[in-house]
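Record features, source TrEMBL:
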DOMAIN    1-147  domain 'Sodium/calcium exchanger membrane region'
TRANSMEM  25-49  transmembrane segment
TRANSMEM  61-87  transmembrane segment
TRANSMEM  107-124  transmembrane segment
TRANSMEM  129-147  transmembrane segment
TRANSMEM  174-193  transmembrane segment
DOMAIN    179-317  domain 'Sodium/calcium exchanger membrane region'
TRANSMEM  205-223  transmembrane segment
TRANSMEM  243-265  transmembrane segment
TRANSMEM  272-292  transmembrane segment
TRANSMEM  298-319  transmembrane segment
Amino acid sequence: MILLSAEFFTNGIESLGRRLSLSQAVVGSILAAVGTAMPETILPFVAILMHSGDAAKKIGVGAILGAPFMLSTLAFFLVGVSVVGSFIAKKREFKLSVEVHSMKRDLLFFIAMYSTAIFLPLLIPKSNVFIAIALLIGYIVYAYFTFRGESGDIMHAEELYFKRFFVKNNQPSGLPLIIFQVLFALVIMINSAHSFVSNLEKLSLSWGMNPMLFALLVAPIATELPEKFNSVTWTLKGRDTLAMGNITGAMVFQSTFPVSIGLLFTDWSISGFALFSAILALISAIVAIANIQISGKVSPLTILSGGLFYVIYAVAIIAK
């Protein structure tokens, strides 16, 4: 169900981008990224603002920090695995055909803003309000450069799937129908993701897995499943710019808006495994940037290395 809804979501987003004459960078890094990231942003918002007590705020901060970590590790890894699988099946070459300048822009903004959010409060106490405002302004600047930057148009987009059911006589799909398909697929995808992890939790507990390990290592995957499967779907179709833009654009969004909520409404005391996860997320992004700077492209092996950082985090938690 997750894969099917991801197929409908990506099809709808591509149709929306083509209808609005938007570039691949805008469609992947902003439309798809914000569309899939917005629902999971509600979790820390509700936990921090709607519930009292330190426990709720810690849950909120954990959700905020978990998103960039999962995107820069497991999401990267899954795209790499998709490339490897398609290569073995002889459906594509062993390379990522991305617009490197778009991906580089995303990663640079992510590194700059996430580093600011994590380390500056440690260096300058009582600066949270100013940092939060700076991050929000930073995202607006990022969106401006993404809209203005060079990027190819949406190519080879299939006909809107819902058109087959709701439109007759080969008329073009209307904007309301496109938006309806996107929202419908998004709702199904999110519900399916959480049902998947809920069932996985029951299975893991029946096998005797430590509930704390599940909460730290498995449960956060649920919130990022939409981005992961959207990107896998696009990668399997050879639309690598959209696939990577969906992930790196979500990383930029998650390092600004949700983080600003944490800065404004919690003490934002980042330490221990929370700080460790943030550092690993930044290192993963830096590795990708270094690959672009050195070779002018992004290797599937570099993207696959994101899985290594997740394993490092998992081993550290289990060993504790």
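Heads up, the Cβ atoms here are built off N, Cα and C, so glycines get one too.
These figures come from a predicted structure and were not determined experimentally.
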Inset, instruction - With the transmembrane segment (174-193) as the reference, find which of 25-49, 61-87, 129-147, 298-319 contributes the most Cβ pairs under 8 Å. - result: 25-49
Legend entry - Non-local residues, at least 6 beyond the ends, that sit with Cβ under 8 Å of the transmembrane segment (243-265): 24-25, 27-30, 32-34, 36-37, 41, 44-45, 48-49, 57, 60-61, 63-64, 67-68, 71-72, 75-76, 79, 82, 96, 98, 102-103, 106-107, 109-110, 113-114, 117, 121, 128-129, 131-133, 135-136, 138-139, 142, 146, 227, 230-235, 281, 285, 298, 303
Inset, instruction - May I have the DSSP-based helix, strand and coil counts for the residues of the domain 'Sodium/calcium exchanger membrane region' (179-317)? - result: 119 helix, 0 strand, 20 coil
Inset, instruction - Report the DSSP secondary-structure composition of the domain 'Sodium/calcium exchanger membrane region' (1-147) as helix, strand and coil residue counts. - result: 123 helix, 1 strand, 23 coil
